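Trainee: The structure follows.
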Amino acid sequence: MNLSFPELGVNIDHVATLRNSRAGFEPDPLSAAVLVKSAGATQLVCHLREDRRHIRDADLRLLRSWNGLPVNLEMAMTDEMVSIALDVRPALVTLVPERREERTTEGGLVLGRDMCEKISVFLKKCRDNGIRLSLFLAPVSGDMERAMELGVDQVELHTGEYANATDPSLREKELERLFSAASCISGSPVRLAAGHGLDRENLLPVLSIENLREVNIGHSIIARSLFVGLEKAVREILETIRRKAPLLRREEGFL
């Protein structure tokens, strides 16, 4: 595997959201998955929410049985979702916070004592079933350190505050937080991913994070696909990653 640039996971939730808006059958998430693979992405990302506003249980099972790309299942730490994950056995589970009233995931997991205990139990079950476990975390050093203590396979940095910052000084501050959080697990076995609100432009500075191994992007790719097609939208992101990441890292002295 070439680790000189991060891999790309594509979130196809909004394909299902569009389908659900008419309570019909199109667009079909599996058809989107086939195009995502053809374009060169290495992972499918989907969030099975309590209210099933995006993908549904049947979508998840179909994507898993297709087996064309590894599935990264985003889910809340609930008994229902744990049961589904252990039954479907995706390649990766990413634990995310979830509130019914939110439009999209608004923050990272809060790793308090109770949550850490639940994660520890779930992690053992994941290992027994060949599932890797990732935590979706805000760029907070304490949470990164707790993730290492838990022994999870991956941490995904929540890039939303950075991506949504309109003031240049605030955006730079949020970028520094991402770099600082990433450095907490540099050199550890914990794999680093990043995602939320990323697009072709704001992705560039994130790519210079030394130990970044994966970016997960959904909304901006699906939005762009309305005008250029899904395969091209995915390839544009991949081109950005493959052309810019090695260059940026060389300039920073990482390669």
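Keep in mind that glycine also has a Cβ here, set from the backbone N, Cα and C atoms.
So TrEMBL lists these for the protein:
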- HIS47: active site, proton acceptor (ACT_SITE)
- GLU74: active site, proton acceptor (ACT_SITE)
- HIS196: active site, proton donor (ACT_SITE)
- ASN11, ARG22, GLY197, GLY218, HIS219: 3-amino-2-oxopropyl phosphate binding site (BINDING)
- ASP13, HIS14, ARG49, HIS54, THR104: 1-deoxy-D-xylulose 5-phosphate binding site (BINDING)
- GLU156: site 'Transition state stabilizer' (SITE)
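So where do these features actually land, and what's packed around them?
Mentor: Its Cβ placed at the centre, HIS47 (active site, proton acceptor) has 23 other Cβ atoms within 10 Å.
Under the DSSP three-state reduction, GLU74 (active site, proton acceptor) is assigned to strand.
HIS196 (active site, proton donor) falls outside any helix or strand according to DSSP and counts as coil.
Every protein chain considered, the tally of other Cβ atoms within 10 Å of the Cβ of GLY197 (3-amino-2-oxopropyl phosphate binding site) stands at 19.
DSSP assigns ASP13 (1-deoxy-D-xylulose 5-phosphate binding site) to a helical segment in the three-state reduction. The 10 Å shell around the Cβ of ASP13 (1-deoxy-D-xylulose 5-phosphate binding site) contains 22 further Cβ atoms across the protein chains shown.
Every protein chain considered, the tally of other Cβ atoms within 10 Å of the Cβ of GLU156 (site 'Transition state stabilizer') stands at 27.
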Trainee: Given GLU74 (active site, proton acceptor) and HIS47 (active site, proton acceptor), what distance in Å do their CA atoms have, once rounded to a whole number?
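Mentor: Answer for this pair: 4 Å between alpha carbons.
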Trainee: Let me check the 10 A CB neighbour count of ARG49 (1-deoxy-D-xylulose 5-phosphate binding site). How many other CB atoms are there?
Mentor: 20
Trainee: Where does HIS219 (3-amino-2-oxopropyl phosphate binding site) sit in the DSSP three-state scheme?
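Mentor: The residue in question, HIS219 (3-amino-2-oxopropyl phosphate binding site), is helix (DSSP, three-state).
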Trainee: Between the Cα atoms of ASP13 (1-deoxy-D-xylulose 5-phosphate binding site) and HIS196 (active site, proton donor), what distance do you get, rounded to the nearest Å?
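Mentor: Approximately 13 Å lies between the Cα of ASP13 (1-deoxy-D-xylulose 5-phosphate binding site) and that of HIS196 (active site, proton donor).
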Trainee: Determine, to the nearest whole angstrom, how far the Cα atom of GLU156 (site 'Transition state stabilizer') is from the Cα atom of HIS196 (active site, proton donor).
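Mentor: Rounded to a whole number, the Cα-Cα distance is 10 Å.
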